[in-house]
There are 4 protein chains.
Amino acid sequence: MACSCNNKPSSLVPAELQQELSDPNHPANLICELCRLFYDLNWVTGTGGGISIRDVEGPNPNLVYIAPSGVQKERIQPWEMFVVDLPDTIVRTPNECPKELTKSYKYKPSACTPLFVSCYTLRDAGACIHTHSQNAVMITILLEHEKEFVINHVEQIKALPRLEYNESTKKVEKVGSMENYEKLVIPIIENTPHEEDLTETLEEAIRNYPGTSAVLVRRHGIYVWGETIWKAKVYNEALDYLLELAVKMKLAGISTVRE
Amino acid sequence: MACSCNNKPSSLVPAELQQELSDPNHPANLICELCRLFYDLNWVTGTGGGISIRDVEGPNPNLVYIAPSGVQKERIQPWEMFVVDLPDTIVRTPNECPKELTKSYKYKPSACTPLFVSCYTLRDAGACIHTHSQNAVMITILLEHEKEFVINHVEQIKALPRLEYNESTKKVEKVGSMENYEKLVIPIIENTPHEEDLTETLEEAIRNYPGTSAVLVRRHGIYVWGETIWKAKVYNEALDYLLELAVKMKLAGISTVRE
Amino acid sequence: MACSCNNKPSSLVPAELQQELSDPNHPANLICELCRLFYDLNWVTGTGGGISIRDVEGPNPNLVYIAPSGVQKERIQPWEMFVVDLPDTIVRTPNECPKELTKSYKYKPSACTPLFVSCYTLRDAGACIHTHSQNAVMITILLEHEKEFVINHVEQIKALPRLEYNESTKKVEKVGSMENYEKLVIPIIENTPHEEDLTETLEEAIRNYPGTSAVLVRRHGIYVWGETIWKAKVYNEALDYLLELAVKMKLAGISTVRE
Amino acid sequence: MACSCNNKPSSLVPAELQQELSDPNHPANLICELCRLFYDLNWVTGTGGGISIRDVEGPNPNLVYIAPSGVQKERIQPWEMFVVDLPDTIVRTPNECPKELTKSYKYKPSACTPLFVSCYTLRDAGACIHTHSQNAVMITILLEHEKEFVINHVEQIKALPRLEYNESTKKVEKVGSMENYEKLVIPIIENTPHEEDLTETLEEAIRNYPGTSAVLVRRHGIYVWGETIWKAKVYNEALDYLLELAVKMKLAGISTVRE
């Protein structure tokens, strides 16, 4: 299992890959750094959640790094990533690594892969984060019969981007930031037994809500994307802050929408 | 007391043991590492809880390392473990260590020892974790007259193993993972004045619930086991996540079972 | 974006600035240290909040260091500060830094700048902290129709300063500490779409409440100031502790004022 | 202020004191280590709380080390302690330290000093911890008209000592541990404007409750003591765990006492 390699000397990693990973801002290193942060926030415990980064500043901006499935997110190592050339060509897997590193553990691509790819292709995202945040799950339970989470009149809403469909480029583009008095609307889709089966409804939600940067999955978690990994992280933090507040408001009998 | 040795140079440890402990993945080292993590999660504060690992990859897979009783779990040192050759032969105790290290502190085996041994013998477990998690205690208080904790339709359920009794091997075996829509059922047993007196009802629960990877003890905590220490940790994290969510749902008047 | 420079060698910073920043108690270094602490407390996640320090012990006590707008607070670097000579002369901006450090990121002064300046000019503050603390936001929501937060009979109130208007100096001055039985009163002002538009009502609140060290902004957060950065930090911690307690009391149906 | 010395080289400390403090288990070092831990637990934020250790294993077991008043607990340095020879002779104060270290900050002994001394003289304690824990404050608010906090039938109660008055030695002595089904009773005393004025009622409570290891102070916090600093820490952790659980139970409408 991946984490048993935690203390293996990195000298077992092929020299070329070692060289590539020597940059602390390499997508594979950032995924590891952020997974440890997200673990401490209880967003990816129990192997839950996932994260992927498109190499937007690298030589091939269509390369996407994705953490593998079913491993302890806070213990993954940079050489354990799957690398996909968009839309769907797997160009490297951790299973190619020396056996000494993997103990013959058979890595599987994240079940989130098709969902991440949807965010990349439909929105030109630079990174996509999926968490099992308790705030995300709890709000979808409190809104059991709603198809949207809506909140307005909270300052933190300003951390989210204002997105608009551009008729000429046929793309959803960032045109600024939201105002704190505006209604932030995040669609809620129903969970499915297999994560990949969420793809269709996720894509539908992304298309139907051109203004959203995230989709909630009922009793499951949230998908958040952004232009870069840092933007995706900031949007995710701001959304989780708003979801935490919204759960408290709902439990106190206060509407999250002030007319 | 154990923790006062926290800063003693390890050179006082016998050379052979030093050599053995030089591997960071040695069971005794992993117990220390995980106890610090569990302390931060408020699972083993006040000397509560316990942890043991069977050396499944070592030369004698019947050797079990167990943290001692009544010591601060976040401060234990790798040489402070009791080592048991299953089913019940104590082959090493920290009381054999040089007095300079122990200040004549008299270590006692964990009161959980017979319970851990039950998990090893009845389920071939590779590790067993016992915490005093507030979520575990609180759910058993909210379910004061129930004998089971049941939850379904939450994604995190998929982190738990699907277990089945194999007629031919006469063993409970892992045959996959649970589905997110399935009912996860964890038996609740009543607490007793002395931890070792839980053994009989714990074993009864393990036998009556072949599908479970854990047993809740009312107003006390939870026992969780797995094929390896990492699996046990992941199951424990996933269960605590579900218990945390379940407490919130109960307090909000929402059933944890959706029909 | 600022944080992508996180791992750049500081050798890119001009030599003179490097020398200046070699003192760990330099205001720019303290801002970075405290932003990391405040991030862990969920006070400045999602680029929210802000902090500024007046160089009260330096050669020019009118110099104010301010973290820039819209960046991840836990990742800012000491050379990224705006420096203002009170009342309003910008004497240094991070945009003057070498491009290798900034990747041409265009820093903007914090939107809190005029509010910070108000605290410096109206109260001779040595530092001013602005957080999006959930406790601050939640209490203003629970007190939706109130213009003040009031609490008494809690020991932690003693951590707040007793302030009085001095007729001869025409200044509000610290004359001791509050008593634990006294009413602590913090004014609540209404939020505005643009942070700088809060300036007028913030100043009005500061003038109308000579005894306060803080102003709550509804559905937004809190502004706290003090004689030094350490006093401002202590006042902020004590206030957040009281706000956390007050939210719990309100939700339990208990008045925060005991007659 | 104390914390501005945080990064001063310890070479400014007199050589003899440096030598004394080179032992990481020296009471002054342990106070600093535990204050940082307690700060992270929100027990001593805003300069609240206090801690003192009697040098039970040193040459003079009547020497008591006490953190000073009004300083940030997580930033105190080992040379900043007051040292008292019981019952009340101050034998060292941080004000004797070189000015370069103190910036002429005038240290005051902790207002808790007489209360700590009561625990040492009435109970032969080896250490005494005072926190402003929100769980302690909240339970005294929920039990506004009660003079005792009582809880039974929780496993964690076993972490608390069984104390009995010994007629022959005229002392309260530890005779074992509590049972998990027993009633743990902690007296609640009323707060006073000045901490030292709590001394009389604290002593009365200690005398009237020979079985207690702690006293709750309404809307203020808790005093906990033990045979050694590690015992005091463990009792404090176990009590805070029980107080946290009790607050949840009360808010859920469940009695903390099961008949």
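Glycine residues also receive a Cβ, built from the backbone N, Cα and C atoms like all the rest.
Automated prediction, rather than curation, is the source of TrEMBL annotations.
Confidence in the domain 'Class II aldolase/adducin N-terminal' (C:29-247), given as mean pLDDT, stands at 95. What TrEMBL records for C:29-247 is domain 'Class II aldolase/adducin N-terminal'.
Non-local neighbourhood of C:Cys112 (substrate binding site): C:Gly50, C:Ser52, C:Ile66, C:His130, C:Glu195, C:Tyr223, each in the same chain, at least six residues away, with C-beta under 8 Å from its C-beta. In the three-state DSSP classification, C:Cys112 (substrate binding site) falls within coil. According to TrEMBL, the feature substrate binding site maps to C:Cys112.
Reduced to three states, the DSSP call for C:His130 (Zn(2+) binding site) is strand. For C:His130 (Zn(2+) binding site), the count of additional Cβ atoms within 10 Å of its Cβ stands at 30 [all protein chains shown]. Marked as Zn(2+) binding site by TrEMBL: C:His130, C:His132, C:His220.
The active site, proton donor/acceptor feature in TrEMBL is assigned to C:Glu155. The DSSP secondary structure for C:Glu155 (active site, proton donor/acceptor) is helix. Taking a C-beta cut-off of under 8 Å and a sequence gap of six or more, C:Glu155 (active site, proton donor/acceptor) has these contacts in its own chain: C:Asn180.
Chain D lies within reach of none of the binding-site residues C:Cys112, C:His132, C:His220 when a CB-CB distance under 8 A is required. Closeness to chain A is evaluated for the recorded positions C:Cys112, C:His130, C:His132, C:Glu155, C:His220 by Cβ distance, with values under 8 Å counted; counted residues in sequence order are C:His132, C:His220.
A sphere of 10 angstroms centred on the C-beta of C:His220 (Zn(2+) binding site) encloses 25 other C-beta atoms. Sequence-distant contacts of C:His132 (Zn(2+) binding site), defined by Cβ-Cβ distance under 8 angstroms and a gap of at least six in the same chain, are C:Trp43, C:Val44, C:Thr45, C:Gly46, C:Gly48, C:Gly49, C:His220, C:Gly221.
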